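Have a look at the structure below before the remarks.
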Amino acid sequence: MTCEVYFYKFLVTKQVFYKSKHSFALVNLKPLVPGHVLVVPLRTSVLKLADLTLEESIDYMKTLQIVHKSIKQIYKADSLNIAIQDGPEAGQSIPHLHTHIIPRYKTDGFNDSIYSKLENKDIYIDFFNRKELRESFKPIDDGNRIERDDDIMYDEIQWKSPEFIQARGLNTSNVLEYFSLSPFYDRTSNNQVLTMQFQFQQISIPMNMTFQQYFQSRLAEMTGIEFILAYIREPDFWIIRKQNRKDSTNVLILQDYYVIGANVYQAPKIYDVLSSRLLSSILSLKNSINSVNNMSKYQVSDGGHTYKSTPMSNSNTMTPMTPMPNNKDDIKSNAFDTLLNESRDKQVYLDEIPLYGKNSTLEMLGIKH
């Protein structure tokens, strides 16, 4: 079974994020705005809307509704433009029926319902010319729109095949076959070679082995690109690893993929994970420093800091929960205790190692002060 998808004569499998029986949805390599996607019939001979069969028409409308809901939810759009260019005179630049879905917002300064005229030269020229008259929208030139590479496209894909799941379910014995239908799969891999061989050859599987174990043992005898099951946690989680086998004991890991439920994802890069975690840590540190700074005030006359007590929430009955502090030392103590309690409740890590003195951070780092 092939999973290659064509938009007219262009192979767009890597751009497809949704696929039904007769239709698919893909993202543009150069989207006009974030969330700009196309819905296209799978049959490449469909030039206009009238060329769809009844079954294809029903499937096409269902796909439009599904993608419409997804784009509106993911991009928090207030409205959506849904535009069909039905023929070259209507601005259709590719002879294959397709529908544009474009997120719209109340703040974009353009309240037209849809473009009254679509130019053949540039189907959005009228739209952008009117946008340029408003300061709230600045269009991006085609040359400045960054084309996304394969790694970025793969990183955004969430792939699944409801038809396969409904017909056969998903388990360890068929998860690699399920994965082979996804755009992540390499059809020049050793897995594909073995699959083709097994279709035309009689194989004898040892009594103490499953087919999956036998398949992976045969892969270990070959060299080149292969996909193996690296981790199994039935019934809903598997890790599939793409690797380049040099010999029976030496492999180079290329990429991991997650199968979670019926969804297949490409594992994120370590760089992206660390960047996200570091940014999150820096933000938490910044918020903590701001909280501490807001709690204290330096008084020149006192020669030190004074701390504000944490204000209590209002209630119908004004009953003091704790006795009022008698002096500034009580205020300092209450504020510090409050900070510690809030940190424990929010699971914020506070280092108990002192900065100065014996067994301090500076001493462990060998820094003299």
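Positions of Cβ are set from backbone N, Cα and C atoms, glycine also.
According to TrEMBL, the feature active site, tele-AMP-histidine intermediate maps to H98. All protein chains considered, the CB of H98 (active site, tele-AMP-histidine intermediate) has 19 other CB atoms within 10 Å.
The local packing around H100 (substrate binding site), expressed as other Cβ atoms within 10 Å of its Cβ over all shown chains, amounts to 19. According to TrEMBL, the substrate binding site annotation covers N28, Q85, H100.
Marked as compositional bias 'Low complexity' by TrEMBL: 309-326.
Summarising the annotation, TrEMBL assigns domain 'HIT' to 3-115.
The region 'Disordered' annotation in TrEMBL covers 306-327.
Beyond the motif 'Histidine triad motif' (96-100), the same-chain residues lying 6 or more positions past its ends with a Cβ under 8 Å from any Cβ of the stretch are 7-8, 36-41, 44, 46-49, 51-52, 64, 81-86. For 96-100, the entry in TrEMBL reads motif 'Histidine triad motif'.
Residues or ranges marked as site 'Important for induction of apoptosis' in TrEMBL: Y115.
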Neighbour-count leader, CB within 10 A, binding-site residues: N28, Q85: Q85
Structural state of H100 (substrate binding site), classified by DSSP into three states: strand
Counts of helix, strand and coil residues, the domain 'HIT' (3-115), according to DSSP: 33 helix, 30 strand, 50 coil
Most distant Cα pair in Å, residues N28, Q85, H100 binding substrate: 16
Nearest-integer angstrom distance between the alpha carbons (Cα) of Q85 (substrate binding site) and H98 (active site, tele-AMP-histidine intermediate): 7
